[in-house]
Every structure is written in C-alpha cells, then in structure tokens.
Amino acid sequence: MARRVFEAWKGSNKFLFGGRLIFGPDAWSIPFTFLLIITPVCFFSVFVATHLRRELLPNNAGHVFLVAGVLFTVFVLILLFLTSARDPGIVPRNLHPPEEELCYDTTVSSDGRQTPTVQIPRTKEVMVYGVSVRVKYCDTCMLYRPPRCSHCSICNNCVERFDHHCPWVGQCIGVRNYRYFFMFVSSATILCIYIFSMSALYIKVLMDNHQGTVWRAMRESPWAVMLMIYCFISLWFVGGLTGFHLYLISTNQTTYENFRYRSDNRINVYNRGCSDNFLETFCSKVKPSRNDFRAFIKEESPRNITLATTWERPEEAEEENREERRQKVEDDLDIDEDVLKLQHRSNVEEGSDTAHHKIDIDQMRVGSNERAPTIRSEARHGNWETRRNVQEDDVIAGSSVRESRSYAAAEEGR
C-alpha cells in the first residue's frame with residue numbers, strides 16, 4: 001500500500017490530522033505556553049475586569065474592558081497556532097547526492113593499490129545581489145543549502161532563512177512563519193502591558209473610592225497585585241524579545257546570523273534599508289511550502305552512482321601504455337624493413353661501391369638491432385601477443401641482416 005510523505009518523513013517532526021499540521025519534536029511545550037497565556041487572562045477577567053467595569057462604567061459599556069482582553073487573548077493564541085503548526089520553510093532532502101557536484105579521485109595505498117573515492121566539495125560559491133556568498137553542503141539532507149539556510153539539529157531539517165528553534169512554540173522559526181512569530185511575541189507583549197495597566201488602574205480606583213492607602217487597596221484585591229507581578233516579569237522576556245527582533249528586522253538579519261557572524265564583521269548583503277526590510281518581512285507574500293506532506297510517495301528505482309570514470313582510469317592508463325609500446329615496436333620494425341629495402345636497392349644501383357655502402361648500412365642495422373632488446377624490455381608488461389610478434393619480427397630482421405652480409409661478401413668476390 002502506498003504511503004504518504006508524512007508517514008515516511010525522515011525529520012523529527014510530529015504530524016496531526018493526516019499530515020495537515022506539522023509540529024516540532026518538542027510540541028509538548030505548546031500546551032504549557034497556552035497555559036502561561038490563558039491562566040492570567042482568566043484571573044484578570046474574573047477578579048479585575050468584572051469589578052473594574054462596575055466601578056468605572058456602571059452601564060453595559062463597562063464590558064469593553066473584559067471583551068478587549070478576551071479578544072486580544074484569542075488573537076495571541078491564533079498567532080501561536082500559526083507559528084507552531086505550519087511548515088517553517090523546510091527544504092526537501094534529496095535521495096541521492098547531486099551527481100553534477102561529485103568529484104572522482106583515486107588514492108594509492110602503501111602497497112601500490114589504487115582505490116577509487118567519491119568526494120563532494122564541502123562548500124561552493126553562489127551569487128546573491130551581485131556578491132559571492134559561500135553555501136555549505138548538508139550531509140544529512142544531501143544538498144547544498146540555499147543562502148541563509150541552516151540545518152536544525154532538533155527538527156533534523158534544513159530550514160530556509162533559519163532564525164532559531166523556539167522551545168516555547170515547539171517549532172523552527174524560518175521563512176514561512178517568522179512573520180507570525182514576531183506578531184505573536186509582540187502581541188503577547190501588548191497583552192502583558194494591557195493586563196498590567198488594567199490591574200494598576202483597579203488598584204487606583206480602590207484607593208480613590210475607599211480613601212485608603214496603597215497597601216489597603218492591595219489587601220482588598222490581591223489578585224490584581226499578583227497579575228501586576230506576573231506581567232512585569234513576563235515583560236522582561238517577551239518585551240526584550242520584541243525589541244531584539246525589531247532590531248533584526250530593521251537590519252534584515254536572523255538570530256542565527258547575528259550570533260554566529262557578529263564577530264566576523266561581514267557585510268550584510270541582505271540589508272536593503274530599514275523601510276524596505278520591514279516591507280519585506282510584513283508585506284511580502286509568504287512563500288508556498290515546498291513539501292506536500294499528504295502526497296503519496298512515488299516509488300523511485302534505485303539509482304547507482306556511476307563510478308566507471310574512477311574504476312576504469314587505471315585500466316585505461318595501462319591499456320594506453322600498452323598501445324604506445326606496441327606502436328613503438330611496430331614503428332621500429334617498419335624502420336628495419338625500410339633499411340633493408342634501401343640496402344637491396346643500393347646493391348643493384350651502385351655496383352663497385354656497394355661493399356663500402358653496405359657496411360654503413362649494416363652498421364645502421366646493427367644499431368637498430370641493438371635497440372630491439374630495449375624495446376622488448378619496455379614492452380615487457382604488455383600482453384603475450386605483442387611479445388610473440390616482436391620476437392618473430394626480430395628473427396626475420398636478423399635473417400635479413402645475415403642475407404645482406406652474405407650478398408655483400410659475394411659482390412666483393414666478384
């Protein structure tokens with residue numbers, strides 16, 4: 001039975017509703033974050049907002065404090081869901097290394113044995129806005145990561161424009177959910193400010209109505225005091241995070257880039273100016289997901305990486321050497337044959353001067369004959385057929401020399 005992509009997913013993600021929702025491996029933290037948001041709002045609605053509307057606005061208009069707090073809380077929870085339950089920008093991993101990037105090499109062991117190896121360059125250069133940027137190869141995903149992409153060790157995926165892995169939302173923050181993450185953090189900051197302000201206002205109303213001190217008002221509404229303390233502590237976290245990400249957006253950086261390359265003083269090629277950076281973050285279209293988690297897996301036939309170039313190189317080199325040695329032997333034998341033809345022709349044409357001329361030719365032939373063992377020694381590692389041909393040709397050449405010498409002696413006798 002054919003399986004869907006999410007059923008055979010190699011990352012550490014968790015899927016719900018048949019692959020429609022994708023979470024990180026630490027998705028258990030989402031209910032905890034949900035409680036951190038909803039609990040103070042519930043206490044605010046029961047112990048502060050209801051009393052505050054009666055004190056300030058006796059009419060039904062006082063419900064605005066309660067409704068505003070509840071609606072804003074729902075908005076924050078929706079942003080939490082959009083941040084944690086969607087594909088952050090996962091780059092689909094390859095089934096095989098990119099063959100066009102493979103480098104074939106041969107290593108020689110101590111005993112002279114040649115072992116073929118396949119290597120992939122760890123980095124390569126790509127152009128971004130006319131500037132050369134180095135990208136790295138990911139061994140896990142078997143691909144060169146796009147610019148600003150990094151491999152998350154928690155989710156075990158390469159994520160485009162990787163910012164960080166947030167344990168509070170249980171998901172990586174990347175190109176497809178960074179906008180919602182920032183809106184979630186900033187909205188949580190505003191919610192904390194709202195609850196803190198309304199609680200402080202309620203303390204002030206109690207002081208005015210009962211003409212008492214701050215301590216007396218705090219004793220009458222301890223829940224308002226606890227909410228103020230809780231929101232004050234939370235503001236240090238979510239408020240500081242909001243300010244930090246405002247700086248990152250204005251300079252078009254990611255958290256990963258800021259912490260990793262801060263000391264390198266690198267030129268930020270992605271910085272297009274403060275206003276354009278904000279427009280790119282909040283007004284650009286969200287990139288569609290590169291993964292269809294509900295699609296059926298297509299059976300792909302196993303593909304073998306051809307190592308013929310590597311394996312055949314030693315044999316091809318040896319075969320070429322054999323051909324060169326064989327050609328050299330054949331060329332020398334052709335020279336011997338030409339020398340014999342010249343010798344025979346000179347015997348017929350030159351008459352009385354033949355003896356002296358043939359002695360010179362014999363010396364040339366002897367020199368060529370002396371080279372034959374050298375040629376045979378060079379061709380010693382050739383095949384047996386080449387050796388047999390060389391030996392037969394040497395016998396023919398030797399007999400031709402002896403016939404030439406006998407002919408020269410007969411001419412001298414005349």
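Glycine is no exception: its Cβ is also placed from the backbone N, Cα and C atoms.
Listed in TrEMBL for this protein:
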COMPBIAS  353-363  compositional bias 'Basic and acidic residues'
COMPBIAS  377-391  compositional bias 'Basic and acidic residues'
DOMAIN    136-260  domain 'Palmitoyltransferase DHHC'
REGION    344-414  region 'Disordered'
TRANSMEM  21-49  transmembrane segment
TRANSMEM  61-83  transmembrane segment
TRANSMEM  180-203  transmembrane segment
TRANSMEM  223-249  transmembrane segment
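Mean pLDDT of the predicted structure over the domain 'Palmitoyltransferase DHHC' (136-260): 92. If you count C-beta pairs under 8 angstroms between the transmembrane segment (61-83) and each of 21-49, 180-203, 223-249, the highest count goes to 180-203. Secondary structure of the domain 'Palmitoyltransferase DHHC' (136-260), assigned with DSSP and counted as helix (H, G, I), strand (E, B) and coil, comes to 76 helix, 17 strand, 32 coil.
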